[in-house]
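**Student:** Take this structure, written in C-alpha cells, and hold onto it; I'll ask about it next.
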C-alpha cells in the first residue's frame, strides 16, 4: 500500500514554495516532451523520510563526520562487513517500511500515460518500484536484494533479516542516529558480538545488491541506459545534485545530443551551467502540479 500522508520534511532543506512562473516553465518543458528521460536522486526520497548525503544542513555530511562504507573496505575486511550488517540489521525494519511520496506517484502516472520513456534512479530504496514504476533502471542497485560474491546466489533482504535474527537471538542494540540507505549509528562495542551469516549455498560473503562508494556500475547497465537516453527527446533530473559521475555521465551525454535538460533540485547541481531550466523546489510539491 502507498502512504498518502503529509510529506516528512525532517531531511528536506528549506526552500520557497513553487513560483507560478516556474510551474508554467516546467509544464511547458514536460508538454513539449514526447519521450522524457528522467533521472532521480536522493532528493526525491527525502520527503519519504529517508535522509540524503549532501543536502545543506540536513544531509549526512552536514550533520556528522560519518561516511558510507567503501566497496574495497567491505570486500577485504570481515570487521567492516560485521559493522555494516549490524547497523543495517538495526536500521532495516524502519528503512524497508518507507513508502513512496507524491513525486514517485507522479512519475509512475507519467509512465502510464506514455509521457515518461525511461526512468533511471540513483536511489537504492525501492520506492519507485513500490510506486509501480516499470520502465526503470536502478543504476546503483537496490538494498532489498542480497547476493553472494562467490557463487552469485540471490536472496531477498527480508529473508536475510530472518537469518540475522536466528543467529543473534539475544543481541540487541539501540541506534543513536539514522543515515541514508538503511544505515544507523552504533558503537564498536555494540557491534562486537553481532554474527553475520554466510551464503546458504557455498559459504561465501553476502553483499547487498548495490554499488558501494568506490565501486563502478557495470558496463552492460551503462550501455543499456545510454540506449534508453538515445531514444529520448528530453531529460529531467529530479532530486539530485549529480555530484556522482555514474549519473552525471548521462547528463553529459544528453548535452552532447543537444537534448533540453530540466533540473528540479533544492540547491546547486553540476548541471546548472548548461541546463535549459533549473528549479529550486521540493519534488513532491512541484511535480504534482504538472499535468
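Note: Cβ is positioned from N, Cα and C throughout, glycine not excepted.
Since this is a predicted model, take the numbers as computed values, not measurements.
The annotation active site, proton acceptor is assigned in TrEMBL to 140. Marked as Zn(2+) binding site by TrEMBL: 148, 151, 199, 202. Per TrEMBL, the feature domain 'Deacetylase sirtuin-type' maps to 16-291.
Surface or core, plus neighbours and distances: that's what I need for these features.
**Tutor:** Just so you know, the Cβ of residue 140 (active site, proton acceptor) picks up 23 other Cβ atoms within 10 Å once every protein chain is counted.
The number of other Cβ atoms within 10 Å of the Cβ belonging to residue 199 (Zn(2+) binding site), over all protein chains shown, comes to 19.
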**Student:** Among all the protein chains here, how many other CB atoms are within 10 A of the CB of residue 151 (Zn(2+) binding site)?
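**Tutor:** Cβ-Cβ neighbours of residue 151 (Zn(2+) binding site) within 10 Å number 12.
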**Student:** Can you work out the mean pLDDT of the predicted model over the domain 'Deacetylase sirtuin-type' (16-291)?
**Tutor:** 92
**Student:** I'd like to know which of the binding-site residues 148, 202 has the most other Cβ atoms within 10 Å of its Cβ.
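**Tutor:** Max Cβ neighbours within 10 Å, all protein chains included: 148.
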**Student:** Give the distance between the Cα atoms of residue 199 (Zn(2+) binding site) and residue 140 (active site, proton acceptor), rounded to the nearest whole Å.
**Tutor:** 22
